[in-house]
Amino acid sequence: MADNPQLPTELRRWRILALTQAALGPEIFSMAVLVLFFLRYAGFSFAEFSTFTAALFVLNWILEVPAGALADRFGRKRCLILGNLIYCAAMLLLIAASSRVSLILIALMYAVGGSLASGTFQAMMYEAFASRDAIPGFHAVVARSTGLSLWSAAAAAAIGGWLAGFSLVLPLIVDVIVLAGLTLFLLWGVPAQIPRASFTGDRQTVSKLLGTALRAASISRTWCLLALGCAITFACVRASFNTYQPLMLDAGIPVEYFGVTFSALIVLGGIAANLFSSTSKHWLDRGVIDFAIAGLFAAALAPSIWHSASPIFLLIGIAAHQLIRGIFPSYYSYRLNREIPEDLPARTTMLSLANLVRALLTALAVYAVGALTQAYDFSSAYRWINAAALCALTLLIITTRWPQSHVAAAHTPND
């Protein structure tokens with residue numbers, strides 16, 4: 001099948017669903033002012049907000065894999081809808097109760113909702129594309145969705161900032177309305193899950209699904225290395241984000257230009273994702289993109305070594321991270337799904353295992369950046385975290401060696 005096939009009606013429906021979900025992500029309008037909402041509107045202290053963030057990491061770590069197994073056991077569509085509804089309820093409770101409600105309860109609701117919805121949509125969409133022998137089309141749709149999500153985030157950040165000028169609660173109210181509307185759209189649009197042959201006569205329990213996923217992961221060296229590569233990439237970009245604003249201030253960039261600067265850089269990532277959607281399946285399967293991601297980390301690191309105080313060099317480094325953001329989600333989604341046997345009933349559970357590794361490494365990276373900042377400065381923390389990611393990814397590239405036969409057991413031929 002060609003790398004850019006004409007999609008049949010069923011798959012075009014999935015493409016519309018994926019693009020819509022990407023454009024209307026959770027907290028897309030409030031993200032730029034969320035910290036201010038917690039501190040100034042909801043009335044929490046920064047220490048309470050820090051506890052909330054830490055609790056969210058821990059709860060995501062605890063719930064990620066069990067939630068994936070529940071989705072495989074009771075139905076992915078059900079868990080997707082339920083997860084979104086719980087997330088909406090958490091935002092509504094935060095708006096209505098503010099500081100009168102425990103942040104631990106809010107964190108628990110966020111974590112349960114996010115974990116139930118995590119990975120379920122892509123697992124369903126991948127199986128729909130695989131059943132039509134259209135896996136390259138899956139990559140194209142995910143890549144375009146990534147680009148759209150970045151462009152949408154840039155526009156929503158600007159709108160959310162404007163709304164926050166009237167009231168800090170308005171962006172979050174809009175987020176609740178948007179997520180509720182998206183959930184109704186998914187409830188109507190996502191096809192009912194087709195019973196799999198592997199479930200016939202033997203309803204899988206959650207523990208069986210978890211065991212199946214763990215066994216499949218343990219015997220697939222390539223899948224484990226891909227999950228680790230995805231986790232390292234996300235963790236570094238996320239941890240580096242915490243240093244952007246202080247570094248921009250140190251470089252002399254006025255605060256009033258932060259919004260337009262970030263919007264422009266996010267749009268750059270969206271353009272990269274859109275261009276990446278047409279990448280040949282041949283290059284994806286051979287792991288060539290790993291070299292590109294490592295090269296972009298080198299590009300993000302080099303300017304901070306040459307001239308850390310220059311605003312131009314700093315923005316070049318941040319731009320390299322945005323290019324990575326445009327590439328890596330769809331690339332790793334494609335590769336991780338390809339490495340999972342197509343008759344495995346625990347696909348969502350395996351994807352949740354990858355998300356678990358990502359959550360753990362992200363928590364460590366964010367903590368490391370904070371510790372390095374206290375010991376040295378923001379510039380040093382930025383350099384160390386990016387240097388560590390570059391070294392780790394280089395080691396993974398050397399270790400993996402991408403054998404040509406790695407698609408034999410898990411993949412449907414699409415060449």
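Just so it is clear, glycine is given a Cβ too, placed from its N, Cα and C backbone atoms.
Automatic prediction, not curation, is the source of TrEMBL annotations.
Here's what TrEMBL has on this protein:
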type: DOMAIN; residues: 1-406; note: domain 'Major facilitator superfamily (MFS) profile'
type: TRANSMEM; residues: 16-39; note: transmembrane segment
type: TRANSMEM; residues: 45-67; note: transmembrane segment
type: TRANSMEM; residues: 79-97; note: transmembrane segment
type: TRANSMEM; residues: 103-129; note: transmembrane segment
type: TRANSMEM; residues: 141-163; note: transmembrane segment
type: TRANSMEM; residues: 169-190; note: transmembrane segment
type: TRANSMEM; residues: 223-241; note: transmembrane segment
type: TRANSMEM; residues: 257-276; note: transmembrane segment
type: TRANSMEM; residues: 288-306; note: transmembrane segment
type: TRANSMEM; residues: 312-334; note: transmembrane segment
type: TRANSMEM; residues: 355-375; note: transmembrane segment
type: TRANSMEM; residues: 381-398; note: transmembrane segment
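Here the transmembrane segment (16-39) has Cβ contacts under 8 Å with residues 45-46, 48-49, 52, 87, 91, 114, 121, 125, 141-142, 144-146, 148-149, 152-153, 156-157, 159-161, 163-164, 168-169, 171-172, 174-175, 178-179, 181-182, 185-186, 189-190, 259, 262 of the same chain, all six or more residues outside its ends.
Here the transmembrane segment (103-129) has Cβ contacts under 8 Å with residues 10-11, 14, 17-18, 21, 26, 44, 48-49, 51-52, 55-56, 59-60, 62-64, 66-68, 70-71, 76-77, 79-80, 82-90, 93-94, 135, 137-138, 141-142, 186, 190-191, 193, 333, 337, 342, 347-348, 351-352, 355 of the same chain, all six or more residues outside its ends. Outside the transmembrane segment (381-398) by six or more residues, the chain places 225, 228-229, 232-233, 235-236, 239-240, 243, 247, 287, 290-291, 293-294, 297-298, 300-301, 304-305, 308, 317, 365, 368-370, 372-373 with a CB less than 8 A from a CB of the stretch. Here the transmembrane segment (288-306) does not touch the transmembrane segment (257-276). Their Cβ atoms form fewer than 3 pairs under 8 Å, with each pair 6 or more residues apart. Sequence-distant contacts of the transmembrane segment (257-276) (same chain, at least 6 residues past either end, Cβ-Cβ under 8 Å): 32, 143-144, 146-151, 153-155, 157-158, 161, 244-245, 248, 315, 318-319, 322-327, 329-331.
Away from its own ends, the transmembrane segment (312-334) comes close to residues 122, 135, 138-139, 142-143, 145-147, 150, 226, 229-230, 233-234, 237, 240-241, 244, 247-248, 251, 261, 265-266, 268-274, 276-277, 284, 289, 292-293, 296-297, 299-304, 306, 354, 382 of its chain (Cβ-Cβ under 8 Å, at least six residues beyond either end).
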